[in-house]
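According to Swiss-Prot, the protein has these features:
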{"type": "DOMAIN", "residues": "1-101", "note": "domain 'Glutaredoxin'"}
{"type": "DISULFID", "residues": "C21-C24", "note": "disulfide bond"}
Amino acid sequence: MDKVMRMSSEKGVVIFTKSSCCLCYAVQILFRDLRVQPTIHEIDNDPDCREIEKALLRLGCSTAVPAVFVGGKLVGSTNEVMSLHLSGSLVPLIKPYQSILY
């Protein structure tokens, strides 16, 4: 769990993914379309993959990936991110991390 907490607070927006996950890719594209360059951790390339998955689930993710953190706080998985986006609540949350040059 410590590793996940450390990794999730490295940058403003952090997404834990797996390289074969299409929903992970969709969430990454959403953030890029919103002018945010998230830090991506592909956990299937990490030797601690299983432990990271377990930690993400313990933190409250409905699925281990994608797991989105903003400002070091868990936002959630695909359902939570898309719900925030559709309700208009995602952009204010990520505003400090948007790039004007992106």
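Cβ atoms here come from the backbone N, Cα and C positions, even for glycine.
For C21 (disulfide bond), the Cβ neighbour count at a 10 Å cut-off comes to 19, with all displayed protein chains included. Mean model confidence for the domain 'Glutaredoxin' (1-101) is a pLDDT of 94. Break the domain 'Glutaredoxin' (1-101) down by DSSP state and the numbers are 51 helix, 17 strand, 33 coil. Non-local neighbourhood of C24 (disulfide bond): I15, T17, K18, V65, P66, each in the same chain, at least six residues away, with C-beta under 8 Å from its C-beta.
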